[in-house]
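Working notes for the structure below.
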Amino acid sequence: MKTYLDLCRHILENGQEKDDRTNTGTKSVFGYQMRFDLQEGFPLLTTKKVHLKSIIHELLWFIKGDTNIKYLVDNDVKIWTDWPYQKYKQSMDYKNETIEEFSEKIKTDSEFASKYGDLGPVYGAQWRNFNGVDQLSYILNEIKTNPSSRRLILSAWNPAEIKNMALPPCHTLIQFYVNKGKLSLQLYQRSGDVFLGIPFNIASYALLLLMVAQVTNLEPGEFVHTIGDAHIYSNHYEQINKQLTRTPRALPKMSLNKNIRHLEDFRIEDFTLSDYNPYSGIKGKVAV
């Protein structure tokens with residue numbers, strides 16, 4: 001996607017070197033916006049292969065209100081495992097297990113998973129129970145009954161519970177917008193890892209838009225992605241530059257099972273991606 005590559009170029013050319021929590025080092029810009037018209041295709045990066053299954057499972061996990069990595073690990077999704085593993089390594093129970101051995105324990109030992117697999121009140125908890133409010137249900141009802149509302153807001157940022165989260169939410173606030181039968185979604189993301197995180201976030205919230213549009217009988221419109229601190233980690237410069245040598249290919253198409261009428265009823269088999277022709281994947285280390 002040219003829109004994504006433009007962001008990469010902008011940071012490399014205009015970004016300021018900035019220290020960060022992980023002590024990795026970044027180039028960063030503050031305040032950047034991208035727009036994706038979902039009528040033109042599904043915005044899944046083509047300049048490197050992106051693991052769509054992980055994106056879908058994570059989104060379904062959010063929608064369920066789940067905060068334990070067991071569901072993800074059971075489905076071979078590894079994107080959240082680093083954080084509870086690092087916490088486990090500081091515990092008295094740690095016996096030099098590798099992260100793979102830790103994951104296997106999460107899979108096979110429910111008591112261990114309950115003790116060490118939970119991330120605290122992260123995204124799913126806030127979406128479904130923000131101080132007692134099921135924000136997602138409220139928004140779905142409002143879209144159906146009061147679509148012109150300017151209060152179609154979902155927040156994952158709960159200051160009272162930040163300290164209890166394994167990682168404070170990076171993608172913090174969603175606003176839906178309905179006009180002339182089309183549903184659009186804007187995401188405000190306080191912090192964006194441009195190489196590893198942003199491609200996932202684009203696809204995830206575009207997918208959420210498609211799902212909500214279907215269950216509210218609307219056409220999908222635009223996904224607007226606004227990022228606060230958009231950064232490239234110093235150990236990802238080579239990977240980003242490699243992507244910049246690749247010409248973006250046509251966007252794929254995403255089809256949903258049209259029989260699904262409730263958001264909670266979607267399952268992994270209800271999503272079909274077609275015409276996805278990406279370049280090969282590019283690996284990079286996550287900063288924890």
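Just so you know, glycine gets a Cβ as well, placed from its N, Cα and C.
Heads up, TrEMBL stuff is auto-annotated, nobody curated it.
The domain 'Thymidylate synthase/dCMP hydroxymethylase' annotation in TrEMBL covers 2-288. According to TrEMBL, the dUMP binding site annotation covers Arg21, Arg150, Arg151, Arg190, Ser191, Gly192, Asp193, Asn201, His231, Ile232, Tyr233. Summarising the annotation, TrEMBL assigns (6R)-5,10-methylene-5,6,7,8-tetrahydrofolate binding site to His51, Asp193, Ala287. For Cys170, the entry in TrEMBL reads active site. Annotation source TrEMBL lists active site, nucleophile at Cys170.
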Quiz item: So which of the binding-site residues is most packed in, judged by how many other Cβ atoms lie within 10 Å of its Cβ, out of Arg21, His51, His231?
Solution: His231
Self-check item: Alpha-carbon distance [Ser191 (dUMP binding site); the residue listed as 'active site'] in Å
Solution: 5
Quiz item: Under a three-state reduction of DSSP output, how is Ser191 (dUMP binding site) classified: helix, strand, or coil?
Solution: strand
Practice problem: May I ask which of the binding-site residues Arg21, Arg151, Asp193, His231, Tyr233 is closest to His51 ((6R)-5,10-methylene-5,6,7,8-tetrahydrofolate binding site) if we compare their C-alpha atoms? | Solution: Asp193
Quiz item: At its widest, how many Å does the recorded dUMP site span between Cα atoms of Arg21, Arg150, Arg151, Arg190, Ser191, Gly192, Asp193, Asn201, His231, Ile232, Tyr233?
Solution: 36
Quiz prompt | Position of peak Cβ density within 10 Å, selected from the binding-site residues Arg151, Ser191, Asp193 | solution = Asp193
Self-check item: Cβ neighbours of Tyr233 (dUMP binding site) where a neighbour is any other Cβ within 10 Å
Solution: 23
Exercise. Within 10 Å of the Cβ of Cys170 (active site), how many other Cβ atoms can you find? Include all protein chains, please.
Key: 18
